[in-house]
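Among the features that Swiss-Prot reports, GTP binding site is placed at 38-45, 64-68, 82-85, 149-152, 182-185. Look at Swiss-Prot and you will find S45, T66 tagged as Mg(2+) binding site. The feature domain 'EngB-type G' is assigned by Swiss-Prot to 30-204, with sequence analysis given as support.
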Amino acid sequence: MQVKNPILGLCQKAKFALSAAKVEQCPDDQGYEVAFAGRSNAGKSSALNTLTHASLARTSKTPGRTQLLNFFSLDDERRLVDLPGYGYAKVPIPLKQHWQKHLEAYLGSRECLRGVILMMDVRHPMTDFDKMMLDWAKASSMPMHILLTKADKLTHGAGKNTLLKVQSEIRKGWGDGVTIQLFSAPKRLGVEDAYRVLADWMELEDKPVV
C-alpha cells in the first residue's frame with residue numbers, strides 16, 4: 001500500500017500571504033509556522049520554490065535581496081516563512097542591523113513557530129551565522145532541521161563525507177536535537193525527507209493511497 005504525504009498537496013497550494021518588516025505586521029500568532037533561514041546565497045529561495053513547485057520566493061543573482069519576513073499560506077492555519085538572508089558584503093551595515101533586530105524579535109516571540117529549516121551551502125557549512133542559529137535553537141529548545149544545499153555541486157562521496165563531518169560537529173556542540181540531510185533543488189535530491197520533517201512539525205499524518 002502506498003502512503004501519501006499530505007504536506008505535498010499543501011505545499012503545491014502555497015500562496016503568498018504578506019510581507020512584514022517587523023513582528024507587529026506578521027499574521028495572527030496562531031496555527032503552525034515553519035521558518036526557512038540561511039546565509040545569503042545558501043540556496044534558501046531555491047529550496048522553498050522546489051518544495052512548493054512554484055516560484056514563490058524571489059531568487060536573485062545578488063544575494064541578500066530578501067529584506068522582509070515573507071509569509072506563504074498552505075491552508076487556513078499553516079504557513080511557511082522566508083526569513084531575511086544574511087552575510088552579503090554589499091548590504092549596508094544599518095540594513096543588516098535592522099534585519100537582525102527583527103529576525104531576533106520574530107524568533108523570540110512567535111508562539112506558533114514549530115521549527116526552523118536552516119540552509120547551509122554544502123561547500124561552505126557551519127558559518128558564524130549558522131552557529132548563531134544553532135545556539136539560538138538550543139537555547140530556546142526549538143526544533144531545527146538542516147538542509148545541506150547545492151549537493152549536486154559535489155560528488156556523491158564528497159557530499160556524504162561533508163554530511164558526516166557536519167553531523168559530528170553538531171552532535172558535539174549542540175546535541176542530538178538537530179537533524180540534517182543533503183539537498184539539491186535542481187536535482188530534487190532530499191525533497192521527500194524535507195517533506196517528512198514539515199509534515200511532522202505541522203502535525204500532518206501520512207494517509208494510505210487506496
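Any Cβ shown, glycine's included, is placed from N, Cα and C.
From a predicted model like this one, the values you see are computed outputs, not experimental measurements.
A map of Swiss-Prot features onto the structure.
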residue	record	Cβ within 10 Å
G38	GTP binding site	31
A42	GTP binding site	28
S45	Mg(2+) binding site	25
L68	GTP binding site	16
G85	GTP binding site	25
D152	GTP binding site	16
A185	GTP binding site	23
Three-state secondary structure, S45 (Mg(2+) binding site) (per DSSP): helix
For the domain 'EngB-type G' (30-204), mean pLDDT (0 to 100): 89
Rounded distance in angstrom between the Cα atoms of G38 (GTP binding site) and S45 (Mg(2+) binding site): 9
Where D152 (GTP binding site) falls in three-state DSSP terms: helix
Mapped DSSP class for G38 (GTP binding site), helix or strand or coil: strand
Euclidean distance between Cα atoms of S45 (Mg(2+) binding site) and D152 (GTP binding site), Å: 16
